[in-house]
Amino acid sequence: MSTHGDHGTGEDDQHSSASRELLILYATETGTAQETADRIARECRRARFHCRVQSMDAYPPETLISEHLVIFVVSTTGWGAEPRAMTSLWNMLLRSDLPDDLFEDMNFCVFGLGDTVYEKFCWPAKKLSRRMQSLGGYEICSRGEGDEQHRLGVDGALDPWIECLLEVLIQLYLLPHERDIIPPGRPPPRVSLSNLASDSSLNPDPLDEDTKFHTASVKCNRRITAGDWFQDVRHFEFSFEDDIKYNPGDVAVIHPSAAASEVDTFLVTMGWANVADDFFTVEHTMLDQTLPDHLPKIVSLRILFTRYLDFNAVPRRSFFQLLRYFATDELEREKLDEFVSIEGADEMYDYCQRVKRTTWEVLSEFRSARIPREYIFDLFPPLRPREFSIASSIELHPHEIHLCVAIVRYRTKLKIHRKGVCTSFLSGLKSGDILRIGVRKGFISLPTDPNTPVVCVGPGTGIAPMRAVIEQRIHEGYTNTTLYFGCRSAHKDQHYHSEWEFHAEEQKLRYRVACSRDGPEGVKRTYVQDLMKKDAQHIWTMLGQQRGILIISGSSNKMPTAVREAVRGAVERFGGRSSAEAVEYVAALEREGRLIEECWS
């Protein structure tokens, strides 16, 4: 096994117990990278490592140079973009003035999470790996790439990668004298809980004390799709006393609360109804495992499952692996063993992921499992805050944030009705209700030159950041903005159409709308990419001759790929490029920051 620089294993320079400190940095959007980081930390603990697990956005980038052993766990968003949590660290690493031996004393490795459905699979992980090597870091283990399409999900790549990682670590950092690797088994709980008297006073809410969040009052909660339309899309307006600041493309961060009626029923199912309101303290004992954001020191089970733990999440394989330790019925234990085996992967997928069976529903069926209270943070994932693109310009709406949100309701393959936790929480808000909202930096950067045109493509609720962009540009006096909007019906779900039509009449906006279901039966449906193909000469003029920017927002299904194909077609037809040159031209747009994608799965 080769080692990095002077990282040998001789008597004077071996990595012994004195250097068994390991940092795991993760960047996540949905929580999978966080869960993966926790899993890696548990496995490294077996090799006697002391791990710190932190989100990249909570880690000071300038201190990375002082670390000697780092594992990066990075998810992928949109068209191969890095998660927002990674942006600050990544921007620091991209600085041109960094020496090429900056991390010569660092060993590192990278595990990426992605989906091979998308062309730029695990792209942020690949870029991070290359950049760390170019700055002198030594990659001790080949980059891992977890694929959601694998029959075992991310675990299909993670399991063998962890095996390889532990082998390498034990060679590079010898186990302490007379200590062996800890055999697999039930991990200790990440917290210890202590009961409190019923008259104990609660601590202040940590979310109220977080200066990154601001107190908002609900000003408007209005449905903007037709009342008889299948999808409920809402326009929200929140007002603030604070002098909030944000830019087009930034996102609002909202911590939801689960419905009280669902929490009540869940607590009854778990046999916790009689102790649901008993208060206890939470002590974080396994510091290499993460806890939910803004968790107070004193809580009750009702508070935890209302605001901090998600019992409606679809459980992953690691949930079944841990649940097995708490099931007492032999048949249930056999079924759980089968689910977590490689041979049982397809059966577990059919039972759980395919039909979107929730943690609550699984526990209702494995009735012999009795979850010790100390293990609730290990079995239930955090109830994560949701991020929504801001749909307003602060210049036009001072002290306000507007959102355009589709309320998530659907039926599973088992014909069970489902609701999104956060969008259900939002849909129930009334005028005057109070909540805390944070603001995070987005990916959109608008040109300052008034002669630079902007082409916006935002079907469905992808219109949200486009509304912010358009309002901002009109406020600044720019008129060279084009909007391509896509919906199903001009009269049912053409969001904000009166605004776009007014701006178009004022010649402040070029508005093109594709209503895919309004055409005659049997005629090919029209989507935003079809309009762009018809407007190929205009597209080339805007993006090619006038060096404008293209912003794509919406669902990361086929739409972003089709829009890129339409742009490549315009480059070929009116830019005089070959097919290969058109592909490279669009790639160059992205490298130059003139093609920005804000999409979600």
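Cβ atoms are placed via backbone N, Cα and C, with glycine included.
Because TrEMBL annotations are produced automatically, they should be read as predictions rather than curated entries.
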Which range of 6-25, 186-205 is region 'Disordered', per TrEMBL: 186-205
Most distant Cα pair in Å, residues ARG386, GLU387, PHE388, SER389, GLY420, VAL421, CYS422, THR423, TRP600 binding FAD: 18
Between ARG386 (FAD binding site) and THR30 (FMN binding site): CA-CA distance (Å): 9
Listed in sequence order, residues with CB under 8 A of GLN529 (NADP(+) binding site) and six or more positions away: MET559, ALA562, VAL563, GLU565, ALA566
By Cα-Cα distance, the member of binding-site residues THR461, ARG517, TRP600 nearest THR28 (FMN binding site): TRP600
Greatest inter-residue Cα distance in Å for the NADP(+)-binding set THR461, SER516, ARG517, ARG525, THR526, TYR527, VAL528, GLN529: 19
For TRP600 (FAD binding site), the one of THR77, GLU148, THR526, TYR527, VAL528 that lies nearest, given that the binding-site residues are compared by Cα: THR77
Between ARG386 (FAD binding site) and THR32 (FMN binding site), the C-alpha gap once rounded to whole angstrom: 14
